[in-house]
Amino acid sequence: MNSIINYLLEFSICWGVFYLFYVTVLHDQTSYQYNRYYLLASSFLSIIIPLLEIPIGFQSTGAIGESYILLDPMLIGETESRGGAFRWEWYYTLWLAYGLGVLTTFIYYFRQFLSVFWAIRLSKPQPSPQGRYKLVYTNGLFPTSSFFQFLLWDNTQTLTVSEVHQMMAHEETHIKQKHSYDITYITLLKIIFWFHPLVYLYEKAITENHEFAADAGALQHPTGNRQTYSRLLARQSMASLQWAVVNHFYKSKTLKRIKMMEKRHKTFWYRYVLIAPIVASMFVVFACQPDTEELEQEAIAQSYEEVQTQLKQIGGQLQQLNEKYFENPGSLREAINAEAQKSGVAPQPPHLDDLQLKVFKDKASGGDYDKFESLLARQKQLQEKLMSLPDAAGVYTVVEEQPAPEGGMETFYQYIAKNLQYPLKARQMGIEGRVFVQFVVNENGELTDFQALKGIGAGCDAEAIRVLEGASGWQPGMSEGKPVKVRMVLPITFKLDGNDSAKTEKAMSMADPETISEKLSEIVVVAYI
């Protein structure tokens, strides 16, 4: 959602700057074709520039080791609500309103297009003598106008021969310069950006420029006369019917059109040259990625290496202290297991540090114990910091908001349970065990980069990956308000039993809570043989 808001903000700034330049510098210029190209190009660039990412500077060469989040196994089919269950977010309302706006605007303009097409079809268009257009008599249903290669002529109006020629020349200019393509383009923008005021300002500027150009074309006709043409505009303007999808003779403000006809045609090139630095500035501000991004990646890589170095140093100091009071690692492990049994907890995180401290306290002197406790606390702090850093590919393992399946966790569980099958080869060979499938949830919520970190072969690894590859999209993980890539691991257990059917059951398994940030069910596939 934040990326969309950022895009709209950057898009609006680009569009606003381009439009402001037009109304202050180019609007009164009589170089109508150049103004037309500017309006079309600037509206397109405003949409494209915020989407571009042009790197500047050197890429970082720092390498970061790979880490991942081991997802905590949970029961499939539990009745309590999951944290990832679907819930209506506030921005869903915005998307719904936007979709309704797009649909309404599309229907409005589509009906206008259909009306014009239907009128053309019923009237049996006649080709012009020169073949430059096809003439359509509207019988008063439409004002005199043009629509692509069709000239729609209101044959119910009373005009002199000179006025007919001038109006024909006006509409021929629209057809010759293909103004209907511009109208179609701006109509599409109005459908997509129906909520944005600048799209309507751009539409007004484009249609006005069309009329200025067509008026100039009418005056270049052999029968063209500025005074009679101006009177014709003034007399007919009140009878205008405003059809948005056609260029008609009465469109735009009459007084402004008369004023532009009276201006001497001259191109001030220096005004158009000023466009170049504006476009370049837009690219630099919104499209180019500054050197600070590469420097940030280098800083992350350096920080990662520094943390790893500190962890190695702490590990060495802890090992020295352990060797000082325990004969070998085996005796240390026995002492920890005994303390765990005594305390009634499992000899693994998050209890492992406390168990080590209790065992060490019974053996070590006060100074060594304080040092051991301090080193363990620092080790845990550095491990958490290490997990919060992205790797060289920009993949995180710890983020502020974890990825979650669309539709909730229960839907994800149901999909896995329904589609995962125990491979026949593995059943025949009597192979069972646990497969750890690693995958990345990217910024778009897509599951990518599947890999079996630890598998059992016989088709089980491939089957686990196959099912996950077919899973629907997720909501991406968020870090600092932006969607980011997150690496995750799902354990799937294949287990043989004694029946002749295969099914998926729920089960629990042990995992390291120190490395757990999000909970998923471990899938247990049980084959009855």
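Cβ atoms are placed via backbone N, Cα and C, with glycine included.
Since the structure is predicted, the reported quantities are computational estimates derived from the model, not experimental observations.
The feature transmembrane segment is assigned by TrEMBL to 6-25 (among others). Among residues of the same chain six or more beyond the transmembrane segment (6-25), those with a C-beta under 8 A of the stretch's C-beta atoms are 35, 38-39, 42-43, 45-47, 49-51, 196, 198, 201-202, 205, 271, 274-275, 278, 282, 286.
The transmembrane segment annotation in TrEMBL covers 37-58 (among others).
Annotation comment: TrEMBL describes 90-110 (among others) as transmembrane segment.
TrEMBL lists 268-287 (among others) with the feature transmembrane segment.
Taken from TrEMBL, the feature domain 'TonB C-terminal' covers 407-503.
The list of residues near the transmembrane segment (268-287) in space but at least 6 beyond its ends in sequence, with Cβ under 8 angstroms from a Cβ of it, reads 10, 13-14, 17-18, 21, 25-26, 29, 31, 34, 38, 45, 49-50, 52-54. For the domain 'TonB C-terminal' (407-503), the DSSP counts in helix, strand and coil order read 27 helix, 40 strand, 30 coil.
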